[in-house]
Each structure stands twice: as structure tokens, then as C-alpha cells.
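The structure appears right after this line, and notes come after that.
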Amino acid sequence: METEAIENIPRVCLPQIGAPAPDFKANSTFGPIKLSDYRGKWVVLFSHPGDFTPVCTTEFIAFTQVYTSFVERNVQLIGLSVDSNPSHLAWVENIYKTTGVEIPFPIIEDKDMRIAKLYGMISPAETSTSAVRAVFIIDDKQILRLILYYPLEIGRNIQEIIRIIDALQTVDKYKVLAPANWYPGMPVIVPPPKTYPELKQRLKNVEGYTCTDWYLCYKKV
């Protein structure tokens with residue numbers, strides 16, 4: 001019986017990491033927007049379950065408090081929920097009136113859940129049609145680089161999102177790998193050899209590297 005119940009849950013099609021991010025047009029608190037208009041910038045597209053909810057409110061305040069950190073990294077923040085634009089506007093105004101925080105980025109209206117379904121933000125296992133708490137990081141070439149999902153009860157760690165962007169931009173720029181718990185300024189991993197001749201060459205030339213073994217070498221960037 002339990003197996004049958006699981007099998008009856010509809011499958012959610014998610015966009016794939018490394019593939020082009022699905023384009024969309026939408027109305028927002030900043031007017032009409034189109035994802036492809038942000039080509040050349042990184043995008044953090046994040047969904048929230050609903051306006052006027054406590055955890056989401058703390059997240060939007062937290063995003064705003066470090067908004068300049070995203071701007072410095074050439075990142076555009078875009079929020080989304082299945083609420084209406086009037087609801088978004090009322091919520092944003094309420095946040096400003098009660099906390100003095102003015103939300104500086106657009107929030108998408110997705111009443112028909114078109115974008116939420118396109119990005120797999122609606123969980124078929126939930127009884128609510130609210131969008132799950134998700135994060136999609138899209139690079140300046142409109143390639144989807146990362147997907148994060150959070151339970152409805154737990155707010156996002158905004159500093160971790162910034163750390164991930166730093167890591168992605170660093171590995172792109174220097175063609176390296178980021179180790180566990182990496183932060184800017186720490187050593188990065190040199191990609192390991194892919195062939196035996198490359199392995200032999202690595203063993204001969206480790207100048208500038210700190211190596212544990214041939215497949216794990218670090219360097220500063």
C-alpha cells in the first residue's frame with residue numbers, strides 16, 4: 001500500500017545543472033521582466049512559499065542587508081511566489097513600514113504557477129500549491145549552475161549563497177576546483193591529471209603546488 005502511494009505521486013521535472021536555464025517572461029514588483037534580459041549577469045532566482053509569512057520575511061530582509069555584496073559580484077536577485085503582484089507590493093510595503101527595510105530587487109508574480117512548474121518549485125508531495133523554498137543560481141551565460149531546496153520550516157543561509165557564487169566564479173575564472181568549506185583567499189584544487197602521461201608530468205612538476213598525492217594538489221589564486 002505504501003509503495004503504491006509513493007508511485008502515485010507525480011514526478012517533477014527539474015531543469016538540469018549545466019543546461020541552459022529555462023527562459024521566462026513575468027510581471028514583477030519592478031514591472032515586466034524576462035530572464036534572458038539578464039544575460040551577462042549572474043542571477044539568483046529564489047522562490048518562497050508565500051507573502052506575509054515569518055520565515056520568508058526574515059529571508060527577504062537578510063537578502064537586502066547584504067544586497068551590495070550581490071551587486072559587487074554582478075548578481076541580480078529575483079524572488080518568486082505564486083502570490084499576486086498586489087500581494088507582493090503590500091508585503092514589501094509592510095516590511096518597509098515595520099522594519100525600515102526597502103526590498104531592492106523584483107519579486108515575480110506567478111499566479112498560474114507556470115514558472116514554478118517550469119523550475120520544479122511545486123512539490124507534488126505537499127498538499128499546498130505554494131512554491132517550495134528553492135534557490136537557482138544561473139551564470140552570466142544563462143547556464144543553470146546550482147539548485148538548492150530547503151524545507152518550509154527553515155530559512156536560507158544567505159552567506160552560504162554568497163560563498164557558492166564566489167566559488168563558482170573562482171572555478172570559472174581560474175579553471176580550478178573548490179575544496180570543502182572553501183572561502184575566498186583559501187587554496188584551490190588543481191584539476192587532477194586525466195591521462196597517465198599527464199600524471200607523470202604532474203609528478204615531475206609540482207612547483208607552486210602543495211600536493212597530498214598526484215590527484216590532490218592545491219595552489220593559491
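Heads up, the Cβ atoms here are built off N, Cα and C, so glycines get one too.
Under the heading domain 'Thioredoxin', Swiss-Prot lists 15-170.
According to Swiss-Prot, the active site, cysteine sulfenic acid (-SOH) intermediate annotation covers Cys56, on the basis of sequence analysis. The Cβ of Cys56 (active site, cysteine sulfenic acid (-SOH) intermediate) lies under 8 Å from the Cβ of His48, Pro49, Gly50, Ser81, each of which sits 6+ residues away along the same chain.
The substrate binding site annotation in Swiss-Prot covers Arg133, and the record cites sequence analysis as its basis. The secondary structure of Arg133 (substrate binding site), as reduced to three states from DSSP, is extended strand. Around the Cβ of Arg133 (substrate binding site), the same chain contributes Phe46, Ser47, His48, Pro49, Val55, Tyr149, Tyr150, Pro151, Leu152, Ile154, Gly155, Arg156, each under 8 angstroms and 6 or more positions distant in sequence.
Residues or ranges marked as disulfide bond in Swiss-Prot: Cys211-Cys217. Around Cys211 (disulfide bond), the same-chain residues six or more apart in sequence whose CB sits under 8 Å from its CB are Cys217, Tyr218, listed in sequence order.
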Please average pLDDT over the domain 'Thioredoxin' (15-170) for the predicted structure. 94
Count the Cβ atoms, other than its own, that fall within 10 Å of the Cβ of Cys217 (disulfide bond), considering every protein chain shown. 20
Is Cys56 (active site, cysteine sulfenic acid (-SOH) intermediate) helix, strand or coil when read with DSSP? helix
